[in-house]
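See below for the structure under consideration.
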Amino acid sequence: MTLINENYLHLEESYLFSEINQKIEEYRKENPKANIISMGIGDVTRPLPKAVIEAFHNAVDEMAHKETFKGYGPEQGYPFLREAIIENDYKPRGVKLTLQEVFISDGAKCDTANIQEIFSKDNKVAITDPVYPVYVESNVMAGRGGPQDKKGQYNGIIYLPCTAENNFQPPLPEEKADLIYLCYPNNPTGTSLTKDQLKEWVDYARDNNSIILFDGAYEAYIQEKNIPHSIYEIEGALEVAIEFRSFSKTAGFTGTRCAYTIVPEELEAEDSQGRKHPLNRLWNRRQTTKFNGVSYPVQVAAAATYTKEGQKEIKKSIKYYMENARIIRENLKDTGLEYYGGVNAPYIWIKTPNMSSWQFFDKLLEEAQVVGTPGTGFGPSGEGYFRLTAFNTRKNTKEAMERIKKIEF
Ligand code: MLT
């Protein structure tokens, strides 16, 4: 009989957010009248900016005429979007990139999951814990994780615990890490790293010939001045880091799908003979074989986020969500619960009082009909924590906080 990839058997039964959805559905069946407010998955609620919609419509119309119709586009993305990214997201921060270094995709989730394919299975992977589950699970699927131990850690992965005790600052790995996943502003803790703190990681990677996989999906939420928007703001990072960014949380593209990945040309890794190879070529090879690009209208829509009007509307949405974050934090003050994050990120990380993450999940669902995400779903160090997102509407956010304040913890 055909054999399966047994690495999949090491994984939990379902993906975190699928498990939460199942639980909500069960609750809904038993309580059909319940008015559930979701502050679980980090999904945006505000519509696409008008400037984006207009560009999107026009591009769809182009597809209707033989003169302007587009078939396959470049697998790496259309130059107009890649140029707009370089000009708007990097140049103003003093980062020089070439067109070849920018790869458009349909999501940072896919890119952060797929990137491990271009690296040897023998690499040691370090991840901050708790973390967005995709990094760990894609490596487990590829065979770098092995089975889970009693603590819920996969044997082959180096865990870097980030808890209130170390102020959510990941410790440098004790054993040598070849690949290091960093996500800042952080999902799920909502905390951030200053330039000096991030520099320690770039220095570590340079000293140890490691590669940093830097997920900057929440970059647009940064409010404070000393927080870097790109890892490439740190000197030397172009030699050691791949950066992932997304239009999802920045411009409301969670359902539209558009993101990009930067693979600098000077970034290299070795083969087993010690010969160096540019990772840019490998990623390009992978993408041209396995990916046919993002649809033309979506890329036009993404480019419209950089227009003056687009920028204005995006900033308005970010401000709206960050005001939700402020409201959540303000209201949590009255509950006596300890909480973190929500200043440079749309996530608020609550310490669960004398109960597990899942017990806290059940309590909030049953007593307030509010859904959040149990910290343990993001890794063993997330046990004892719980995540709320600021992505719901103002009305629902306020209502949810009023309900939570009535609970006795
Ligand atoms: C989350 O809730 O952690 C994110 O929305 C998930 C994602 O971006 O895929």
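These residue numbers are counts, starting from 1, taken along the chain as shown.
Every residue, even glycine, has its Cβ placed from backbone N, Cα and C.
Since we're looking at a predicted model, the values are computed, not measured.
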Given that TrEMBL assigns Y15, G42, K109, N187, N292, R387 to the substrate site, pick the one from Y90, Y132, Y204 that the record assigns to that site as well.
Y132
Since TrEMBL lists A108, K109, Y132, N187, Y218, S246, F247, S248, R257, N292 for pyridoxal 5'-phosphate, which candidate among Y72, Y78, Y339, Y340 does it give for that site as well?
Y72
I want to check the contact list for Y132 (substrate binding site): same chain, sequence separation of six or more, C-beta distance under 8 angstroms. What comes out?
T112, C183, N187, P188, D215, F378
Using a Cβ cut-off of under 6 Å to any atom of ligand 1, determine which of the recorded positions Y15, K109, N187, S246, K249 qualify.
K109, N187
Recorded positions near N292 (substrate binding site), in sequence order, restricted to S246, S248, K249 and a 10 Å Cα cut-off:
none
Neighbour tally for S248 (pyridoxal 5'-phosphate binding site), based on other Cβ positions within 10 Å of its Cβ:
22
Out of K109, K249, give me whichever of these recorded positions has the highest number of other Cβ atoms within 10 Å.
K249
Do you know offhand how many angstrom separate G42 (substrate binding site) and K249 (N6-(pyridoxal phosphate)lysine) by C-alpha?
8
Give, as a single whole number between 0 and 100, the mean pLDDT over the domain 'Aminotransferase class I/classII large' (35-404).
97
